[in-house]
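Q: Mind looking over this structure? Questions follow.
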Amino acid sequence: MAMAALAGNFYQDFDIMFGDQHLNILEEGKLVTLSLDKVSGAGFQSKNGYIFGRFDVQMKMPPGNSAGTVTTFYLSSSGPNHDEIDLEFLGNSTGEPYTLHTNVYAQGQGSKEQQFHLWFDPTKDFHTYTVVWNSKRIIFLVDGSPIRVFNNLESLRLPFPKDQSMKIYATFWNADDWATQGGRVKTDWSHAPFSASYRNFNINACLGSQGSPSSSCSTSTNSSAWQNQGLNPAGRNRLRWLQRKFMVYDYCTDRPKFPKGLPRECKHSRV
């Protein structure tokens, strides 16, 4: 299986999903802006699917009163038993913090949300958001700092994304039925059009196709640092500190959501 090491260019690596009139390609394909109004949002997806890798993008969120809007960067396969790795940025009223919503689906099973308030204003400048996905774990990073680790616990018969290739997706859309303060704050269309920006996609991953076995990837990626990437002691300490300071929701503490008991992975180390 072939490796892909790409400094993403929109024209070469991505296709428009929807809202082509709300998508602008600038700087010879290196910068993409998505806009949202009452008519439509916009989105794009990678031409290729991938099995494991490191995926980086720089994003700048819509400023001001962005309540009700959702700006996303995620990986997903297709079908009812799909795998998915989510980063969704939930807008808020002016002066209130953005919420970074993370989730993992494995074989169609989700409900593994963790949410964070960022330690900077994501509307002022571009920041780097990263997913590292290998056979052992998924690591979510913000500007190089780990905020979440989702470990492979197949030894406990818990599903983990590893057998389906996933495409990269980026979307900007209205979700005011749930996105801001549980849907209590609606989108104020007097501020439209809203705008979100993406640049500097970097993809270091194995090219795959739907249903490709993960074992065929591992034989071709021995030189890739992400293949066995985990956290060293300093990284684990940074993760714990960021979660203690900035995590605002963890499904593993939400007992009302799971009246029959918390998911089994919650009993095991998540670093």
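Positions of Cβ are set from backbone N, Cα and C atoms, glycine also.
Sharing the record's features from TrEMBL:
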- E84: active site, nucleophile (ACT_SITE)
- E88: active site, proton donor (ACT_SITE)
- 4-198: domain 'GH16' (DOMAIN)
- N92: N-linked glycosylation site (CARBOHYD)
Q: Tell me the Cα distance separating the residue listed as 'N-linked glycosylation site' from the residue listed as 'active site, nucleophile', rounded to the nearest angstrom.
A: 25
Q: CB neighbours of N92 (N-linked glycosylation site) within 10 A?
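A: A 10 Å sphere around the Cβ of N92 (N-linked glycosylation site) contains 21 other Cβ atoms.
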Q: Restricting to the domain 'GH16' (4-198), report the mean pLDDT as a whole number.
A: 93
